[in-house]
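So that you can see what the record holds, here are the features copied from TrEMBL:
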- 16-38: region 'Disordered' (REGION)
- 71-89: transmembrane segment (TRANSMEM)
- 76-590: domain 'Major facilitator superfamily (MFS) profile' (DOMAIN)
- 109-130: transmembrane segment (TRANSMEM)
- 142-161: transmembrane segment (TRANSMEM)
- 167-188: transmembrane segment (TRANSMEM)
- 200-218: transmembrane segment (TRANSMEM)
- 230-251: transmembrane segment (TRANSMEM)
- 317-339: transmembrane segment (TRANSMEM)
- 354-377: transmembrane segment (TRANSMEM)
- 389-410: transmembrane segment (TRANSMEM)
- 497-517: transmembrane segment (TRANSMEM)
- 538-556: transmembrane segment (TRANSMEM)
- 562-586: transmembrane segment (TRANSMEM)
Amino acid sequence: MSRKASDNVEYTLKSLSNLMGEKKRRKQQEEGTGERSLITAADSCPSINSQGTGDLERAARRQFQQDVTPGFVYVVSVFSALGGFLFGYDTGVVSGAMLLLKKEMNLSALWQELLVSSTVGAAALSALAGGGLNGALGRRPCILLASFMFTIGAAILAAAGNKETLLGGRVVVGLGIGIASMTVPVYIAEAAPPHLRGRLVTINTLFITGGQFFAAVVDGAFSYLPRDGWRYMLGLSAVPAVLQFLGFLFLPESPRWLIQKGQTQRARRVLTQIRGNQTIDEEYDSIKNSIDEEEKEGGTGGPIIYRMIIYPPTRRALLVGCGLQMFQQLAGINTVMYYSATILQMSGVDDDRLAIWLAAVTAFTNFIFTLLGVWLVEKLGRRKLTLGSLTGTTVALLVLALGFLLSAQVSPPVTNTPRDPLGQNSTCTQYSYCNKCMLDPNCGFCYKKNGSSIIDTSCIPVNSETTDKSAWGRCVNETVSKADGSIWAYNYCPTSYSWTALLGLIFYLVFFAPGMGPMPWTVNSEIYPLWARSTGNACSSGVNWIFNVLVSLTFLHTAEYLTYYGAFFLYAGFAFVGLIFIYGCLPETKGKKLEEIESLFENRLCTCGASDSDEGRYIEYIRVKGSNYHLSDNDASDVE
Ligand SMILES: O[C@H]1[C@H](O)[C@@H](O)[C@H](O)[C@@H](O)[C@H]1O
């Protein structure tokens, strides 16, 4: 038998012994009967005799996975990730709701902007405040508080009778989003076993993008309702919020927070509950020791943020965490998602409804490729995944920019400048090309198609209530424009190069979603020592939301000054700087225990290179089981 094969059999038999449970094995060790009982176990297992080692190995692997990952930790993660779903749903649903609201409530542009950005602004504030709450009250009360706010916010929004109430509801929802966005990743990371932590925390981002996709579908479906569709859109989020609230009444507090607060008995109970049939002594001791150590290192004087800044490892971790979140937003994800309908329209989709549904396809792409991230995070590790993702994202942004540039260069000229029958002195009549006309928020482009050529073109003021039609002329409403064969383009220009932008959009999502979307959240949940974890996550989540508002609010102005392609070139530039930053500063945290990660930030300003531990989880398993088995490299990398 080759060495490799004999190692495999040795491993299989030894893993099988673990099937018998910790207590029994220890007893056998004490009595010196371990070897014999291994054979007894093999004898009593029919598969070893009838089908060789195959079934045995499979059984051992199954047991290994069950031992390492009791189902309860998945329940905990999924209920927590409902917070991510609500984050995604509430930030995503508003664009569709706004289309209906602005007509029914007669909202000005300022009010529309207020209703969208108030939520993100409130999220920034509550994410920052969430650090103190998390540290003082614990993770569980914060998640309960967030789901309570989501529920109340949804109820206010669904019942709102005027725009002021709507604003109130959006602020309450935003406060919930902020707290959930910083608490949920921390809670999952603290409950998860090291070898699965990345995957479980990334599930939260999967739920965020899932929420965004679901919101896009709900937007599409309720847009057909003649009245009050927005009430359903905004109110529906109460369902997952109530579910999460009820679930968390029964779910435990984070064991690490409990140990930190000296609630040792409760902590032991929770650890036993989430680790299933494994012994928890070693994990408990290692958390306890590291808390004692941390208390010495972190000192006790002054606010935590001050202590984090003066202590080099936490200062570096904070820099990496906030930098990742900043570059996630500077790479323009939310503008790309928000303007996906425009990009699609540029690519020739001139039906509004179809554009809404295609925007749902965009959100679905974001969701599906985040799923790829869930799978890749424990295979490639955080560092490789983030670097690969951001490289692709940068290239995609360049393709997008190029698409807009080509479209602008072949932008159709204005051939007709009709006189304004309303006698208003509009700026629209001054533009001689579509690309200028489209960038003015007050104007749109009215044109006809003759085969592939664009003819009979005018730049006309947009209707003051809806951007779907012009204020007057051939595109004043659907009936008139259909009879005339004219098409109304608001915010885009018809060109034959628009496929480049579409290609850029697809590329962008395929690359961004598995890495740059989830990794900033995942990495932040694990790089701070316990005493600094709440504050570190509060700061980095705050940075995420602040840059989210900044990028979304400035996009239209940036596009006005720099044009669309200029804006996307700018994002590509940011993404490139982000790439250098991540290359130099992001260490690999895959497979490490939370308590070990601080050491990665100890010596260098920035930590290059990955410290992969593919076999780490496996060897750790054997170690926790108290065995001294030798594992060949082959065994270790073989196990899934
Ligand atoms: O990680 C998420 C995700 O990528 C979302 O799609 C995006 O809207 C959020 O801003 C981001 O934080």
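Using the three backbone atoms N, Cα and C, a Cβ is placed for every residue, glycine included.
Curation plays no part in TrEMBL annotations; they are all automatic predictions.
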| remark: With the cut-off at Cβ under 8 Å and a gap of six or more residues from its ends, the chain residues touching the transmembrane segment (230-251) are 75-76, 79-80, 82-83, 85-86, 89-90, 93-94, 96-97, 100-101, 104, 140, 143-144, 147-148, 150-151, 153-155, 157-160, 169, 173, 176, 215, 218-219, 222
| said: How about the transmembrane segment (497-517) with the transmembrane segment (109-130) - do they touch, taking at least 3 C-beta pairs under 8 Å (6 or more apart in sequence) as contact? | reply: no
| message | Let me check one thing: do the transmembrane segment (562-586) and the transmembrane segment (200-218) come into contact, meaning three or more Cβ pairs under 8 Å with sequence separation of at least 6? | response | no
| request: Could you tell me the mean pLDDT over the domain 'Major facilitator superfamily (MFS) profile' (76-590), as a whole number? | output: 91
| query | the transmembrane segment (71-89): which same-chain residues, six or more beyond its ends, come within Cβ distance under 8 Å? | reply | 143, 146-147, 150, 176-177, 180-181, 183-184, 187-188, 191-193, 196, 200, 203-215, 236-237, 240-241, 243-244, 247-248, 251-252, 273-274, 276
| query | Other than its close neighbours in sequence, what residues sit by the transmembrane segment (354-377), given a CB gap under 8 Å and a spacing of at least six beyond its ends? | reply | 92, 95-96, 198-199, 202-203, 205-206, 208-210, 212-213, 215-217, 219-220, 223, 337, 340-341, 344-345, 385, 389, 505-506, 509-510, 512-515, 517-519, 522, 590
| query | Are the transmembrane segment (538-556) and the transmembrane segment (317-339) close, by which I mean at least 3 Cβ pairs under 8 Å that are 6+ residues apart in sequence? | reply | yes
